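S.K.: TrEMBL feature annotations, pasted as is:
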| type | residues | note |
| --- | --- | --- |
| BINDING | T106, D134, D168, A169 | S-adenosyl-L-methionine binding site |
Amino acid sequence: MQTTRNLCNLTRYILRRTVATTANDTTGSASGGAGGSEQTTHFGYQTVKESEKERKVHEVFQQVAQSYDLMNDAMSMGIHRVWKDIFVERLGPEHGMRLLDMAGGTGDISFRYLKYLAKMPNPKQRESHVTVSDINQHMLNVGEERARQLGLTADRLPNASIAWQCADAEKLPFKSDTYTAYTIAFGIRNCTHVDKVLSEAYRVLQPGGRFMCLEFSHLTNETMQWLYDQYSFQVIPPMGQLLAGQWHAYQYLVESIRRFPRQDQFKSMIERAGFSHVSYENLTFGVVSIHSGFKL
């Protein structure tokens with residue numbers, strides 16, 4: 001409680017001392033020679049070559065891996081735990097499910113999935129599975145260590161298995177029609193080609209399989225969005241510096257949220273990838289949203 005009060009006081013202090021300004025969109029350009037220029041994309045509010053973004057994102061998560069869970073708690077006042085609980089409840093895990101948890105990193109979604117299954121009767125002793133996959137091995141290392149501490153290892157799970165795989169969401173190494181569910185939480189906005197991520201998710205899902213995404217989004221109320229922007233840009237980067245020694249990494253994370261498509265736009269992208277019955281649900285007034293679709 002004391003930590004929460006201190007963070008709230010810090011927020012109010014900075015908001016009082018800060019002139020309400022919107023972060024600048026510092027765009028750049030990728031120059032090319034006679035043979036043409038390389039495609040550019042966004043890295044937060046910067047414009048970078050596509051070949052640079054993966055490296056930059058990898059560096060960010062390598063820097064924050066050890067403090068990732070601490071910062072999630074601090075930035076959201078612990079609400080991210082509630083969002084993830086709701087996300088897994090909406091997934092509705094069943095025995096026999098094969099889940100690919102992409103950008104699964106430190107294991108938050110996969111651990112909830114396994115614990116959810118452990119509480120359910122399984123009279124037929126059906127085997128369930130989760131593959132935790134992330135492009136950053138540092139994040140997976142943190143997740144595997146957490147799994148050992150929680151006793152969620154393959155040798156200690158009844159009728160369930162867990163595997164860890166370093167992989168690029170845009171070029172998955174898994175066979176087509178392998179999984180019955182695909183989740184990605186707070187990860188898709190960091191990918192260079194979101195359309196390729198969605199296409200790969202569709203490919204590896206079995207017919208009838210479900211795609212679910214939990215991601216920061218846009219508030220439905222303009223005043224609340226303004227207040228949220230002030231908190232995001234003026235409080236989170238300094239907090240990242242204080243708690244994790246990482247100002248720029250958390251500045252990028254905030255900027256990447258603002259660059260991500262709005263709920264309806266992302267819904268259309270999921271539909272263009274081939275998914276049916278696509279819907280979304282806003283949580284906490286749209287701070288985050290859950291998108292869902294089916295491969296039929």
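Any Cβ shown, glycine's included, is placed from N, Cα and C.
All TrEMBL annotations are machine predictions without curation.
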S.K.: Looking only at T106, D134, D168, A169, which the record lists for S-adenosyl-L-methionine, tell me the maximum pairwise CA distance in angstrom.
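M.R.: About 16 Å separates the two most distant Cα atoms.
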S.K.: Within 10 Å of the Cβ of D168 (S-adenosyl-L-methionine binding site), how many other Cβ atoms are there?
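M.R.: By my count, 17.
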S.K.: For a quick check of packing: other C-beta atoms within 10 Å of the C-beta of D134 (S-adenosyl-L-methionine binding site), how many?
M.R.: 27
